[in-house]
Amino acid sequence: MENITVLGAGSWGTALALVLADNGHRVRLWSHRAEQVREINEQRTNEKYLPGVRLPEVIIGYDDLGAALDGVSIVVLAVPTKAIREVLQRARMCLAAPITIVAVSKGIEPGTHKRVSEIVTEEISEWLEDVVVLSGPSHAEEVVLRHPTTVAVSSPNMEAAQCIQDVFMNHHYFRVYTNPDLVGVEVGGALKNIIALAAGISDGLGYGDNAKAALITRGLAEIARLGCALGANPLTFAGLAGVGDLIVTCTSVHSRNWRAGHMLGQGKKLDDVLESMGMVVEGVRTTKAAYELAKELGVKMPITEVLYEVLFDGKNPKEAVDSLMARGKKQEMNDLMNIFAEQ
């Protein structure tokens, strides 16, 4: 039994806290909102993020970051990517011994183009024992119902990945694989949110399953293209952190990114969509970061490019789809072979 801290009491952080509790661990669930912590400790609920879910007594809410981190060796990082640096900078001041960070947030930082594991290493290198990334098709709403879910973990230190595999593995409903391709696991988890936004727009426009299937398939090629340019193994994108996460995020009503895209396709403005969501839509920031990174590396990402124009340049969603359909002729097999030939 471990004492494990989860930083971030949103839907995913809370769901993983429940998995850890089911596995016999004592869990400290940290939030910067005191009223949310009181609800967790007094009502045993987190209604804003996971309505109707009762939390076991071994999950204790904390709003004091120092107290939440005191004496633990495993920390699950589940805050939105835009808050990661700030939280880690605060955490660094509270640590007294090295920790293993399990990064479960999915995104790429605009401007720096860094993945979450890189931000972690940059901010707390002196206190970092290991960094492990957990990713895969895993909506929190289904995890808390204990529906079968399968994810992958990766790390520069595969012994650390195997340790975290053991910590999270639940033989009833939460299966964990290891994957040595850290870059691929992170890139797949981050970029699938871009394609989910596009799939939501397509559904909002009423284009049906054919269009969405094409977006998912060609979107996977874009993800692999950028991932391989960053050093990923293309086979990762055929696995849980690639096509697995992509399918669930593009097709499920639980997907925030799909829902946001759906509203955009129906004609709503981005600011209004984000306000109505009330939760972070990681794909918006990731679209900006991936667009910048693709330009820097000379990687062609046409879906990402037109989505960027919709989100940040005000392009009409229907015109964006029309521009994708009007692109020049391509040979699909050559495109796929080029992705694999880079390895």
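Quick reminder: no glycine exception, Cβ is built from N, Cα and C everywhere.
Take the NADPH site that Swiss-Prot assigns to SER11, TRP12, HIS32, ARG33, ALA140, ARG256, VAL280, GLU282: the candidate from LYS106, LYS212, LYS318, LYS329 listed for it is LYS106.
For the sn-glycerol 3-phosphate site, Swiss-Prot lists LYS106, GLY136, SER138, LYS192, SER255, ARG256, ASN257; matching the candidates ASP181, ASP245 against that entry yields ASP245. The number of other Cβ atoms within 10 Å of the Cβ belonging to ASN257 (sn-glycerol 3-phosphate binding site), over all protein chains shown, comes to 26.
Take LYS106, GLY136, SER138, LYS192, ASP245, SER255, ARG256, ASN257, the residues named in the record as contacts for sn-glycerol 3-phosphate: the widest Cα to Cα gap among them comes to 16 Å. Cα separation, ASN257 (sn-glycerol 3-phosphate binding site) to GLU282 (NADPH binding site), rounded: 7 Å. Cα to Cα, SER11 (NADPH binding site) and SER255 (sn-glycerol 3-phosphate binding site) are separated by 12 Å. Set side by side, the binding-site residues HIS32, LYS106, LYS192, ARG256 differ in how many other CB atoms lie within 10 angstroms of their CB, and the most is found at LYS192. Remark: GLU282 (NADPH binding site) has PRO80, THR81, SER105, LYS106, GLY107, ALA190, ASN193, ARG256, ASN257 as non-local neighbours, by Cβ distance under 8 Å and separation of at least 6 in sequence.
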